[in-house]
Amino acid sequence: MAAFAPPGAPRPNSNNNDPSQQPPHNYNPNLNPNSLAANFNNLNLNRPPPNSAPRPSPFGQAPHFPSSVPPPGVPSGSPPFSRPGPPPAAVARPAPQPQQPTLPPNAAPVRPTGPPIGHPSSPFASRPPPGTFPSSMGGNVPPAYGAPGGPVVSSPSPPPPLGSHPNYASPPFATSPVMPQPRSSAPSGFVSNGPPAFSSGVLPGGPRFPPAGNVQQPPVGPPSTMGFAGAPPQAPSMRSLLRSPMVAQPGPPVQPAPPFSAPVQGVPPPPGSYGAPAWQMQPGQATPPLPMPGSAQPPRMFGMPPHPLPNQSMTSIPPMGQTGAPASATSKIDPNQIPRPIPSSSAIMYETRQGNQANPPPPATSDYIVRDTGNCSPRYMRCTISQIPCTGDLLTTSGMQLALLVQPLALPHPSEEPIQVVDFGEIGPVRCSRCKAYINPFMKFIDQGRRFICNFCGFTDETPRDYHCNLGPDGRRRDADERPELCRGTVEFVATKEYMVRDPMPAVYFFLIDVSMNAIQTGATAAACSAISQVISDLPEGPRTMVGIATFDSTIHFYNLKRALQQPLMLIVPDVQDVYTPLQTDVVVQLSECRQHLELLLESIPTMFQNNRTAESAFGAAVQAAFLAIKSTGGKLLVFQSVLPSTGIGALSVREAEGRTNISAGEKEAHKLLQPVDKTLKTMAIEFAEYQVCVDVFITTQSYLDVASISVIPRTTGGQVYYYYPFSALSDPAKLYNDLRWNVTRPQGFEAVMRVRCSQGIQVQDYHGNFCKRIPTDVDLPGIDCDKTIMVSLKHDDKLQDGSECAFQCALLYTTVYGQRRIRVTTLSLPCTNMLSNLFRSADLDTQFACFLKQAASKIPSTPLLQVREQVTNLCISVLLSYRKFCATVTSSGQLILPEALKLLPLYTLALMKSTGLRNDGRIDERSIWINYVSALSTPLAIPLVYPRMVAIHNLGSKDEDESLVPPVIPLSSEHVSDEGIYLLENGENCLIYIGNLVDSNILQQLFNISPSDEIPTQFVLQQYDNPLSKKLNELVNEIRRQRCSYLSMKLCKKGDPSGTLFFSYLVEDKSPSGPSYVEFLVHVHREIQVKMSS
């Protein structure tokens, strides 16, 4: 039997032996694109300007997944990596030095002992040739809200079933990218709150994850209960909110344990704290603030106290008072007792399967550490229901969605075992010969291991001779626990030549910069050049990394970057109707050969065009020309655009004025402005996807740009749109740099193809996300990264057997940034049920709501907003009606009964109706950006987008040192906002700080260095001053940025001006022009259910 090759090691007769195809000497072959450490380099704070000193060696650290048998020449150490930040300045004030925590080591992967033999199958064999892409891609007056006839009360109800999980609104796990860096260092002084610089083995994704100490099961709050007039008296066990307390009164909020302060059960404690950020500064600032060790902590949500786990899980809203009483509902209900999110105070240890049964996953917004025991981690794939209905009729009756949310390269928790890489040699992984499903823990071996039965199609295959192993007494292979593909839900296979139609593509990065008059004058061009210049050192090292650069206004300017030239040579393409690329081989060159030229050029571009008076922009032509430059290889095209494309291919015209008229007049055609103006850019995008070009667009504008038309290109090519409006040369360069750096350094893959397979009886109905579809079964992803999620809607095509299991498998074939072809296989097997009550008990609120959100966003461009809001409300009502009608044990029609697992669905539905995407007010471009953001949004970020987190920051100074960095979360209601307070509200993308009218002047001075009489600055940069309160605010903001994996833009708000109105528009529990209050919405939902029950 042939010797088993370590993952990624060169094999005989393989093109991997070509030195030009080898990864750098410090590359760890067990690298996975979901490794947090992947692609980050040791970039220090206050780095000297280019050419001023030797550069640190990028990628000096080992990737996140260590290999048990590294190939020769691969170092075993784990050098540091960090992220840069915004420019420092020369104002002096001492600041603490950043700490240098380290990352806990991960266990080495388990390796099979022999080379298995498989059935390779080229996923590209039956794909259509280039040029055959289809062009697919992924009103009335609102009803009055009021009590149906009586007051509302709340009382307890039966507890939730064993194994159920409470709902959380804690932040998703995220790290934040970093801010731009100046070209000069300065003595210590004001400290700006910039992105974290991860150093010395710390994972750049650190912020995404929870404390590792005091691991326990999630707390479960008692069911919230409310009622409506007209129902019979309650059972003795139920108490009225107005007469007696709940089963357990909420006490002082429990503080989460400090991040990773104690060892997790079963997980070795990290040698140092996780994710220490050191955010760098804006111009005019100097040294960075204190780093923040530790990982993300869930926000502590205001809500129900803990309660025992039940068998029958529901939340009831019992009646009170006389039937038909005219009293309003709002005066009879305590808003503090209606269902609200509950936080978890510590990480949950979650095993994907126990006792050969699937475990329901913890909430996506909670903190958990996964142990893969057969099913994949819910980070990679989640189902909206943890038990699959046996028939389509049962699913229809429930009113719920059946869908998967797949995030194949999601960031793991640092305490979790790394995904194991398995190399089957030249034969490739074992697969079913009929449906081509990959070997997984649920394929059953029979006949002493000589044959196996596919768990997807039921076909029986012969076991390859070299893969044979005898079975044990339990019927499992004796080596099952030693082979990752037979005991883990997620595994990565090394792809063989059969999976390639060409050699793996190199890592190509082409930067395209708008130098039109507006871009130059607003500082957008200078900000883009500065960000690119600093990001260059973060690109993968080695001969496979290629770069190119071009600028454009009404013409296109390429640059010859060959080393032989004394300086870069500009090559102008004047024809913007029939574009071409001059000297293609010299326009895109190896990074190692052109670094100095590139840095010199980036430094010169703002000066070269400083007197440019050309206002027009040939965006479409420039993108097409850049595509032609990298067409032969594929790669990433990063475009910086500042004005409406007005000339050349795909020229656009202003549609915003028309949109404002339509919206104000209430016309039904306004939504059409959210559709692309024509198919020109879509046709271009399909061609880009065909040649594996992924486009990201950074929009730095102060005016309307027709995002609806431009965004077609990133959405079709697996890219992303970044939006900076109105662009500020003071505050936005930091965010632009952070976003760009995270874009190129986050775990990612190129030229990917994804397919989801299901067991017999279920089939894929459709895919939703940022991709291009060439054939019905697959999605093409020129680019895929750790932040991108794809929704896969499912449907029944046959009956399933009660008690059996239904399996889902996602296979992602992609190329790593170092040119290795890999197949990531993620498998999930869930039980089937014929009982409707089991469906409600196993519903996954976070995933259900994420699907609601994505479906609503996809309808906005084609449906009037009023209809979309009605559809969203009806989805919520149909789910609750089904539960009330078929599952609830209470017979009184006067009670609103909510399933425990979905008790927060009305709150999140209301929040969605009041969100940027569904409100009547707002700009066309803002709604288009919201739709684009939602398209690829991950499950943990879905709820915070519409139901943000709000905390008080005026009393941070009274907190103990050992308390959580994030204060207790406040409900989104103006009742909880005091004129004497200062509040921070964030939704994962934006951060608002509201200052009350009666705030203590000392607090204002300490936090923002302003007095109550001062005007609130419209462009705000958070700084750290020399006082404890300012230090704690900076620590809080750093922590939130780390959790959200985003450098949040910040804005100050004050009551009485438009900024204050913006802040209060996020308080979704209040009544507003966008919709009813939370209590009124519950009353409306209850009334609708009563009407449907009686009809």
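Note: Cβ is positioned from N, Cα and C throughout, glycine not excepted.
Taken from TrEMBL, the feature compositional bias 'Low complexity' covers 11-46, 138-155. According to TrEMBL, the compositional bias 'Pro residues' annotation covers 47-57, 68-118, 250-259. According to TrEMBL, the feature compositional bias 'Polar residues' maps to 182-191. What TrEMBL lists as domain 'Sec23/Sec24 trunk' is 504-744. The domain 'Sec23/Sec24 beta-sandwich' annotation in TrEMBL covers 749-833. Residues annotated as domain 'Sec23/Sec24 helical' in TrEMBL: 844-942. Among the features that TrEMBL reports, domain 'Gelsolin-like' is placed at 966-1036.
Mean pLDDT for the domain 'Sec23/Sec24 trunk' (504-744) in the predicted structure: 91. Across the domain 'Sec23/Sec24 beta-sandwich' (749-833), the DSSP tally of helix, strand and coil residues reads 0 helix, 57 strand, 28 coil. Taking H, G and I as helix, E and B as strand and the rest as coil, DSSP gives the domain 'Gelsolin-like' (966-1036) the counts 20 helix, 15 strand, 36 coil. The domain 'Sec23/Sec24 helical' (844-942): residue composition by secondary structure is 65 helix, 5 strand, 29 coil, according to DSSP.
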